[in-house]
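This report concerns only the one structure given below.
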Amino acid sequence: MSERPTKPILRVLEGEPVWPLPIWIMRQAGRYLPEYRETRSQAGSFLDLCYTPRLAEEVTLQPIRRFGFDAAILFSDILVIPHALGQDVRFVENEGPKLDPISNAADLSRLADELPLSRLDPVFETLDRLSKSLPRETTLLGFCGAPWTVASYMIAGKGTPDQAPARLTAYRDPAFMDRLIDILVRASTDYLIRQIDAGAEAVQLFESFGAALPPALFDRLSLDPIRRIVTGLKEARPNARVIVFVRGGGAHLHRFAAAGVGDALALDWTLDPALVLPDLPGDVATQGNLDPLALIAGGDALHRGIDHILHAVRGRPHIFNLGHGILPETPTDHVAELIARVRGA
Ligand SMILES: Cc1c2[nH]c(c1CCC(=O)O)Cc1[nH]c(c(CCC(=O)O)c1C)Cc1[nH]c(c(CCC(=O)O)c1C)Cc1[nH]c(c(C)c1CCC(=O)O)C2
């Protein structure tokens, strides 16, 4: 008989309403924290930071020490998968990620067809260390990017408005696109299984660019690949819990729920939980969805935003979070205020 979890986030992921709501924040380790900037300056490149377990553990723990969030999220990046597959990935200061773009079958043949897991050993070591160093009540989250979001970086070689290069490729060369997505589905599944074995208790899939997909491409490039990853992970590791974040996926939320894809669905900040939740099955957990700019603004905007969510999700299994990642300009005292208000509700 498996024991019922006691950590608040894991209880919510079992479909149990927990109050006060457990809380963590997407991208909670990062440049808005002075202690992150300090550690970051000690590492060479951003990837060195991701691949040095002692430092990656340290930056993962920083927001836990300062704020006592209910979850710690592994410090890494969604682009370690293309990097491990053999694509050149660099993080250029103030410009974001840069990759050598791939555009056809020949480019793809130069990358690994299966993820060489040992290249990511430092990531698994970071998880192993964290599973020993975290406070007892804190849930350890692993993550990866969803295939479409990662593919859009691999094809364009950088972030692009509306992911036009990858979308055009999906129309012009569907065979190449499907092949790339298939590689990423298998790589992501293997990667997440290994993260669970290294100590992650739940994982989040980040589909940051769901909004760009037209209906004719959405199922093929987003819903179906995510479903395959979640199914493969759960077949291999039935206790793994999964949070699915599809930014811009509001119109498809009920279909993710109906297909049983994810123990929790994360809402972006454009969705009104008061309108969306009544149409979701009561046992599907949700997560979100304060506007990251309301957290920067603080004051009334912040308090009204928090209260609206608290009111809308009362009695449901919900994890408080932002509707997308925290931004570098966010004042840390606003984060402390947010937590106090959610915990004091
Ligand atoms: C699209 C995406 C990426 N990375 C990620 C996504 C999906 C989530 C989202 O939509 O925000 C996910 C990610 N990136 C990072 C984390 C781990 C830590 C955490 O969430 O606390 C996670 C979960 C660290 C990071 N990843 C990156 C940083 C900043 C780099 C630095 O410190 O110099 C951090 C802390 C770099 C990165 N990595 C990426 C971009 C676009 C950038 C540059 C923009 C930026 O600087 O925020 C790709």
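Quick reminder: no glycine exception, Cβ is built from N, Cα and C everywhere.
Pulled from TrEMBL, these are the features on record:
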DOMAIN    22-31  domain 'Uroporphyrinogen decarboxylase (URO-D)'
BINDING   ARG27, GLN28, ALA29, GLY30, ARG31, ASP77, TYR153, SER208, HIS324  substrate binding site
SITE      ASP77  site 'Transition state stabilizer'
DOMAIN    141-157  domain 'Uroporphyrinogen decarboxylase (URO-D)'
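Feature map: annotations from TrEMBL on the structure.
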residue: ARG27; record: substrate binding site; contacts (Cβ under 8 Å, 6+ apart): GLY325, ILE326
residue: ALA29; record: substrate binding site; contacts (Cβ under 8 Å, 6+ apart): TYR36, VAL59, THR60, GLN62, PRO63, ILE73, PHE75
residue: ARG31; record: substrate binding site; contacts (Cβ under 8 Å, 6+ apart): ARG37, ARG40, PRO328
residue: ASP77; record: site 'Transition state stabilizer'; contacts (Cβ under 8 Å, 6+ apart): PHE46, LEU47, CYS50, PHE91, PRO97
residue: TYR153; record: substrate binding site; contacts (Cβ under 8 Å, 6+ apart): ILE78, LEU79, PRO82, PRO97, LEU99, GLY159
residue: HIS324; record: substrate binding site; contacts (Cβ under 8 Å, 6+ apart): MET26, SER208, ARG247, ASP268, TRP269, PRO292
What are the DSSP helix/strand/coil residue counts across the domain 'Uroporphyrinogen decarboxylase (URO-D)' (22-31)?
-> 0 helix, 1 strand, 9 coil
Where does TYR153 (substrate binding site) sit in DSSP terms: helix, strand, or coil?
-> helix
